[in-house]
Amino acid sequence: MNDRNIIFIGFMGVGKTTVGQLVAQKLNRKFIDTDEEIEKEYGIATSEIFKKFGEKVFREKEMSLIISLCKQKNLVVSLGGGAFLQEEIRNACLASCIVIFLDLTFEKWRERINLIIESRPVLNGKSIEEMKELFYKRQEIYSNHHIKIDTDNKEVEDIADQIIKLLENRRLQNLVHTEEGDI
Ligand SMILES: Nc1ncnc2c1ncn2[C@@H]1O[C@H](COP(=O)(O)OP(=O)(O)OP(=O)(O)O)[C@@H](O)[C@H]1O
Ligand SMILES: O=C(O)C1=C[C@@H](O)[C@@H](O)[C@H](O)C1
Ligand SMILES: [Mg+2]
């Protein structure tokens, strides 16, 4: 496996934190969840940060944190679901890291709403139709990725194993290409 950071992107609740943590553990890499890092810094939950300081402050923190993480190596990083809205973040991640998009259909995502609704301020007060609209609107920003993983009906463990296998295959392919290029 090369030393580039592995970055997880995707809509709120698709499993970036859960899968990212497991991938890091299996690869013996340090894991960072950007939401958790920002929460640690403020000592309060994301929804409280939004309420007290506003979304703009959260997004600025998100930007400086992710840009600095992109300068490091060997990390597994799960981004907040809205981080890729910022072009600078997208560009930095795509240029220096392996960006993995965890995809989930809206039908499967809606089965998870109860697990996440309380802690995601962006979903707060939205009707299911509004959430659906946001879900589809966000797909465009997630189309900026290196690897896409369909996660419908898959266990977290299987998703993590699939990702590790894929990364290993890519590494082997790159080795072959490099050797061919050297001849
Ligand atoms: N493959 C899966 N199968 C079943 N449940 C899952 C799966 N992946 C994640 N979950 C559950 O869905 C919920 C949301 O997962 P998680 O917090 O990892 O999402 P996230 O992508 O990090 O969201 P956010 O962008 O808001 O940080 C959790 O309760 C988690 O246990
Ligand atoms: O999709 C979003 O805009 C967000 C997702 C969460 O991970 C948090 O970063 C925050 O709640 C905003
Ligand atoms: Mg998360």
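The backbone N, Cα and C atoms fix where each Cβ goes, glycine too.
Of the listed candidates (R90, R120, R138), TrEMBL assigns R120 to the same ATP site as G13, V14, G15, K16, T17, T18. Candidate binding-site residues: V14, G15, T17. Those with a Cβ under 6 Å from ligand 3, in sequence order, are T17. Nearest to G15 (ATP binding site) in space, judged by Cα atoms and limited to the binding-site residues D35, G81, R138, is G81. Proximity of the binding-site residues G13, V14, G15, T17, G81 to ligand 2, judged by a Cβ distance under 6 angstroms to any of its atoms, singles out G81 in sequence order.
Neighbouring residues of the recorded ATP site, listed in sequence order and excluding G13, V14, G15, K16, T17, T18, R120, comprise G10, M12, V19, S78, G81, L102, I116 (Cβ within 8 Å of the Cβ centroid).
For R138 (substrate binding site), the Cβ neighbour count at a 10 Å cut-off comes to 18, with all displayed protein chains included.
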